Amino acid sequence: MRSDMIKKGIDRAPHRSLLRAAGVKEEEMDKPFIGVCNSYIDIIPGHMHLNKFAEVAKEAIREAGGIPFEFNTIGVDDGIAMGHIGMRYSLPSREIICDAAETVINAHWFDGVFFIPNCDKITPGMLMASVRTNVPSVFVSGGPMEAGRTKDGKNLSLASVFEGVGAFSSGKMTREELLEIEQTACPTCGSCSGMFTANSMNSLMEMLGMALPGNGTIVATSEARHQLIKDAAKHLMNLIEKDIRPRDIITKETIDDAFALDMAMGGSTNTVLHTLAIANEAEIEYDLNRINEVAERVPYLCKISPASDYSMDDVHHAGGVAAIIKELCEIDGAIHPDRITITGKSIYENVKDAEITDDVVIRRKDNPYSPVGGLSILFGNLAPNGAVIKVGAVDPSIQIFEGEAIVYNSQEEAQQGINNGDVREGHVVVIRYEGPKGGPGMPEMLAPTSAIIGRGLGTKVALITDGRFSGASRGISIGHISPEAAEGGPIAFIENGDKIRIDLPNRTIEWLVSDEEIAKRQEGWTEPEPKVKKGYLARYSKLVTSANTGGVMKI
């Protein structure tokens, strides 16, 4: 066993002495040591219940024949961190989570790891650590929040509150109406109830084969999640016995299939960043063009908030992620159904008994919302290395958008401009110097996109940025523009009034300025001074790579 490194032989007597002090009994020294990587944090609704999950996991591990050791990671609540300096720590927290988990796993030579993530950066950070250390692993997330409800029974989510702020500022909603939404949109623990980043990643974990069916959609308050934990613990012990490791499960075909599910469900654009980072840890080279190739063969089957009013709970009762995966298995060439998973069985075997029970919530393959997937990678002279848009959350009437640039050098400036009414129909809002390096930390733009929607401009204004978006963002919102402004990318040289053309069917974004004019503007450009000059963000900005490579850290 891997853990023999710290418990076998005469030289390890001091180590065993410390293990005894930690509560390990003599008869337990020969059993597998299992790390329980938890992310319990009081201030994050998606994590406030995970202390109880860890207790269930540890008991299940003991019953399955292992010895559990719980440790914790940090986490950032993107909703609470939104719109201020806190958001600059969100994406960088992914790297801390990964590094911290790697540190504990390798320092203590665990034989296996039971990961308990939930919200936005925690799930990918933990999976990156799992793949990096390549120790047998299983994942059970904390589960989605129940949807809020209006008095007339309409679903609410956190996105409803953000968009309500925009509606209030433009006079379309009263303070009392906004307060009612604020008080009812987030009624329970769990990750926010729509197809935002957390639920996108937790759903993808099922397709990646690192979590059991139900992981993405069983609500946090359901006892069924406890059974999921118990089942996963048994599978973990089997993985250790058979020496099935994360890199046996995570292959290039697995990454393809993760994007296929993303396309079918119209997942968050952040999944592109995170899945590329996971591929990087698995030493898989993955070209952005491959994502568009996946989109061409996968239909858009399930619209969830913010693209509709359906919640993750609605998806669960319609058959869950498993039913969507099964539907994709029945489309020739859509996914690779024979891939191995943590059950020791193929992805198809995991979902073969799943059924769509509500084909309004989950459409069948012969009646999709669109014959192509809900995410697109755009290329053009404004984004030579790519940009991403959640086309599934764009009004279907918008195929081509051409407008005049209105340029802001920070999210805060843009928010003020939108609130002041400076942004009008026909504008392309440009928010730059907000990329991984320039932000630093590539903050999310949920506040500006929500303000645009709330002011009734969702089909009349586009927003482009080298930053990124919350999974709750919708509309003509294009992020991850690469190279970013801080690296001298084309977005750094856009001026007010420049024409920008977005062609969704052809997946292009073009800056309608002559090459001569672009070259003239680029003359004499120098890299701007970093916004943060001490602490973690200063180090991060020096080491982080571009969005098109997943925003990982250079070694």
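Each residue, glycine too, has its Cβ placed from N, Cα and C.
ASP120 (Mg(2+) binding site) falls within neither a helix nor a strand when secondary structure is assigned with DSSP, and so counts as coil. Annotation for ASP120 (Mg(2+) binding site): spatial neighbours VAL76, ASP78, SER90, PHE196, THR197, ALA198, MET201, ASN270, GLY471, criterion Cβ-Cβ under 8 Å with sequence separation of six or more. The Mg(2+) binding site annotation in Swiss-Prot covers ASP78, ASP120, LYS121, GLU444.
The 10 Å shell around the Cβ of CYS192 ([2Fe-2S] cluster binding site) contains 30 further Cβ atoms across the protein chains shown. In three-state terms derived from DSSP, CYS192 ([2Fe-2S] cluster binding site) belongs to neither a helical nor a strand segment and is classed as coil. The [2Fe-2S] cluster binding site annotation in Swiss-Prot covers CYS119, CYS192 and is backed by sequence analysis.
For LYS121 (Mg(2+) binding site), the Cβ neighbour count at a 10 Å cut-off comes to 29, with all displayed protein chains included. The N6-carboxylysine annotation in Swiss-Prot covers LYS121.
Annotated active site, proton acceptor per Swiss-Prot: SER470, in sequence order, evidence recorded as sequence analysis. Counted within 10 Å of its Cβ, the other Cβ atoms near SER470 (active site, proton acceptor) come to 30, all protein chains included.
For the pair formed by CYS192 ([2Fe-2S] cluster binding site) and LYS121 (Mg(2+) binding site), distance between Cα atoms is given as 14 Å, rounded to the nearest Å.
Contacts of GLU444 (Mg(2+) binding site) defined by a Cβ separation under 8 A and a same-chain sequence distance of 6+ are given as ASP78, MET82, MET87, SER90, GLY467, ARG468, PHE469, SER470, SER473, in order along the sequence. In sequence order, SER39, ILE44, GLY46, HIS47, GLY75, ASP77, ASP78, GLY142, SER191, ALA198 make up the list of same-chain residues 6 or more apart from CYS119 ([2Fe-2S] cluster binding site) whose Cβ falls under 8 Å from its Cβ. DSSP assigns ASP78 (Mg(2+) binding site) to a helix in the three-state reduction.
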